[in-house]
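For reference, TrEMBL has these:
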SIGNAL    B:1-34  signal peptide
DOMAIN    B:42-157  domain 'Beta-hexosaminidase eukaryotic type N-terminal'
DISULFID  B:CYS77-B:CYS123  disulfide bond
DOMAIN    B:187-503  domain 'Glycoside hydrolase family 20 catalytic'
DISULFID  B:CYS296-B:CYS347  disulfide bond
ACT_SITE  B:GLU342  active site, proton donor
DISULFID  B:CYS521-B:CYS538  disulfide bond
There are 2 protein chains.
Amino acid sequence: MEQRQLSPRGSGRPGLPGLLRLLLLLLLAHTPRALVQPGPALWPLPLSVQDFKRQLHLAPKEFSIDHGPNSTAGPSCSLLQEAFRRYHDYIFGPYKQQRRPTKFKTGAQLNQLLVSVVLESECNAFPSVTSDESYSLLVQEPVAVLKANRVWGVLRGKFYTVSLLISSKGTYSFTINESSIVDSPRFPYRGILIDTSRHYLSVKTILKTLDAMAFNKFNVLHWHIVDDQSFPYQSTTFPQLSNKGSYSPSHVYTPNDVHMVIEYARLRGIRIIPEFDSPGHTESWGKGQKNLLTACYSPEQRIQGVGPINPTLNTTYAFLTSIFTEVSKVFPDQFIHLGGDEVNFECWASNPKIQNFMKKKGFGEDYTKLQSFYMLKLMNIIASLNKVPIVWQEVFDNKAQLIPGTVIQVWKDVNYFEELRLITAAGFPVILSAPWYLDWISYGQDWRKYYTVEPLNFSGTEKQKKLILGGEACLWGEYVDATNLTPRLWPRASAVGERLWSRGDIRDLGDAYARLTRHRCRMVKRGIEAEPLFTGYC
Amino acid sequence: MEQRQLSPRGSGRPGLPGLLRLLLLLLLAHTPRALVQPGPALWPLPLSVQDFKRQLHLAPKEFSIDHGPNSTAGPSCSLLQEAFRRYHDYIFGPYKQQRRPTKFKTGAQLNQLLVSVVLESECNAFPSVTSDESYSLLVQEPVAVLKANRVWGVLRGKFYTVSLLISSKGTYSFTINESSIVDSPRFPYRGILIDTSRHYLSVKTILKTLDAMAFNKFNVLHWHIVDDQSFPYQSTTFPQLSNKGSYSPSHVYTPNDVHMVIEYARLRGIRIIPEFDSPGHTESWGKGQKNLLTACYSPEQRIQGVGPINPTLNTTYAFLTSIFTEVSKVFPDQFIHLGGDEVNFECWASNPKIQNFMKKKGFGEDYTKLQSFYMLKLMNIIASLNKVPIVWQEVFDNKAQLIPGTVIQVWKDVNYFEELRLITAAGFPVILSAPWYLDWISYGQDWRKYYTVEPLNFSGTEKQKKLILGGEACLWGEYVDATNLTPRLWPRASAVGERLWSRGDIRDLGDAYARLTRHRCRMVKRGIEAEPLFTGYC
């Protein structure tokens, strides 16, 4: 799985204006390596870091985070106000309760962090795949300045001011080095998949995951919300779906729950992309929606259970239009994941009415054509709702007609570079997950395997490579619930986080180990039970 | 790893008097299978269960656990008093805080559990390898009677009264079936190994592990307390060992901490066996004890780091006598684990003084002889302190002279049945760990692999098989700390728990899956974050 041939890309990603990018590249070319990877355990590593090696002191009671005088986002921007409070807590929180007053060394001091949003703030907007996450941070006595085009850059930048803080000798003294950071992500799509069908995850667990994602600069939660095993999404249009299809009445996500997750995520610059996987993986749908699933037949022509959604009925598409109309309103993100993976063709093939339909349509015995027929109709519904569909790679592999702009998610581990080549050659954007199935656990430091993946290491033009939107670490839920989700996800997913955020040539495993070890301790201190990389202590 | 050839042993284990055993065998021969594996998710399965299919109701406020009139253990037995309170909480705890009064159906009721200890109670004793853990439980209107020879049997038995309770329909009604259980363990040694050197584990984490062990009828915590990486044991004789050898001043176990762990374990019928592994795995010892470790030499005869304990110096044995004198007082258990695994002979071989010593002793180039020389001296120290040594299998493999009764722990996965045959043929008792290295994680339901091991599936006489004291699930700490210990250990270790407690012919994986799924939910409800076996919910 480890990719040895590197294909560094520098900053050739959306989010940073061309001139600034050029400037940075020139800067980086003259920056010794030691300055690029300084003492503080930055994770993921920013595009550029300069450490001026001059220490400033901070006093918790005197230090404040404020809006810059020319910022387009003032105190009315609750997204930033929330973030100010949160990060002040992260920096000084554990020490507030100490009885002893903060000892304060004389010398150079940092009193304030000024936050300036330069363009329209997007304070009340939702993040998207084109959101500008770039920012710059200049720490100099007595005021640090964080600049960003949009609030999203502020959110990404603020974690660094925190990370740079070192509580030197003892717990009552806070210092920060004078320094300059210019940063923007390499890939605009950096996701985590959670699966709330195989096991229900409480809202609390999901919110904690969003916190941990923010600490690692992930910006998409792919919420695989329903599947064969259970249908916890409470639909207002079809309440029977969760009434009958959830594990129990308490294992559901009410509209309020969903709204809370979306807003909590927005405040951290994270998108929520729901997946309603079909036509396979829908056993739980059938419990609350009659005549939706295909009846499977035994060789003796007796009905024997149910299979995928029945793609031959008009009622199916009427239902899909209704449910996806609701879903597209509930979830504000532009993307909706439609699934389309692992369809059981045997059941379709066993059903006489479906055989008939195949004949009528001239599909022969090729059930991929039937799936493509279904997916195209579904994608058209989604397009009419002004949403962009994401589908698993089978939909592309089956040579379905696809709406331009459809995003393909690559998950099969075999030959995934060839798959990336084919999809991008056909002009479709891609999310890569194949090397990052984190539910597949093994002994030892598998984060190294995830870290050394180079997503652009396939043969293709520059234009093709720009179609790689990013990637996703998938934590499928067969063996995962609230008891083990956090230590199984972190810091293994952090390795994916840096791969998707930082420059392609940042791949020194020794340096990554040193930084990630400290980063995981930082997560543990903030209440995220990230497991250890190896022997040692925090 | 799965053992297909079964070798059922019935109840041929210490702990149950011969007549009772005979009676049981007769009883079991006439008990239909359905009665042996009844509805309630018992784990591990008792020797015999009879369900009389008559339901009794319990009222939390009216139900009490009391001492039987002829019990040798009265209210002065704080071990039992503590257990009464604990189990009353387990049964009714979550419901106490409900505002609504407990609805109470009319009909047959259970008002009391009477606990009778028949022989000398051993209330203030420590458990040992010969402790009698057998018990019987008869549930009949209106009083259930739990009988045991010693308090240890009461502790084992009480969990069953709890497990048998089903809160039928809703959360305010408690019922139990009239039933009879006769039970005793198949193996007297059922251990869990934790490793507090690779990662320090807080006392809180250790106590939680003891709770979970009690829920699974484990009776030994093998505390691998020190190793190369750190020396957290705070010695009163040699305070420098942890001052210099622990990760930090807060990563230590004070005498108070150790005492608390031992007492908490005793109250649950669990032994604490400490391991002070030597002569290898001792890097951290060297930091606080000068001239203890061997200086390793480079090919150019320059000193280059340190290796195992230096077995050639008198000062070494003086030190060992002192430290183990202390350890043998601090830890009341009869067993002390001396390690003896994975000794780095290369370092010994590089040292000119050790080469000299080898010549003088006539050991030639055979460094296993040097290790054996060391181990025998150490075992004699232990014997003079009236303790029984446990050693890893290398000590036996190296053909060391062993004190009779020395317990050999088998850990190497290759050909471990042959190893069991050889060790028992030589007359030594054995603890089996080879198939139960739980730190080796993999995708899927590896509990099945642990469950289907049959420890007695080696060629040997009945006398040899009696030398298998039991087994141990080992959770080494390279990748484990408080963030992931509990879900990694449970319920995977529960599979080992039933293998070591229940009859050898209890090995139906489907039935085990059904019971273990419910058992893990019970653990979760009691605050143990045991991970899921597969999809589903609690």
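Any Cβ shown, glycine's included, is placed from N, Cα and C.
Note on proximity: among B:CYS296, B:GLU342, B:CYS347, the recorded positions of the record, the Cα nearest B:CYS123 (disulfide bond) is that of B:GLU342. The number of other CB atoms found within 10 A of the CB of the residue listed as 'active site, proton donor', across every protein chain shown, is 12.
Remark: B:CYS296 (disulfide bond) has B:ILE303, B:GLN304, B:GLY305, B:VAL306, B:GLY307, B:GLU346, B:CYS347, B:SER350, B:ASN351 as non-local neighbours, by Cβ distance under 8 Å and separation of at least 6 in sequence. Listed disulfide-bonded residues: B:CYS347, B:CYS521. The one with the lowest count of other Cβ atoms within 10 Å of its Cβ is B:CYS521.
When the recorded positions B:GLU342, B:CYS521, B:CYS538 are ranked by how far their Cα is from the Cα of B:CYS77 (disulfide bond), B:CYS521 comes first.
Comparing B:GLU342 (active site, proton donor) with B:CYS521 (disulfide bond), their Cα atoms are 39 Å apart once rounded. In the structure shown, across all protein chains, B:CYS77 is the one of the disulfide-bonded residues B:CYS77, B:CYS123, B:CYS538 with the greatest number of other Cβ atoms within 10 Å.
Applying DSSP to the domain 'Beta-hexosaminidase eukaryotic type N-terminal' (B:42-157) sorts its residues as follows: 26 helix, 34 strand, 56 coil. In the three-state DSSP classification, B:GLU342 (active site, proton donor) falls within coil. According to DSSP, B:CYS521 (disulfide bond) is assigned to a helical segment.
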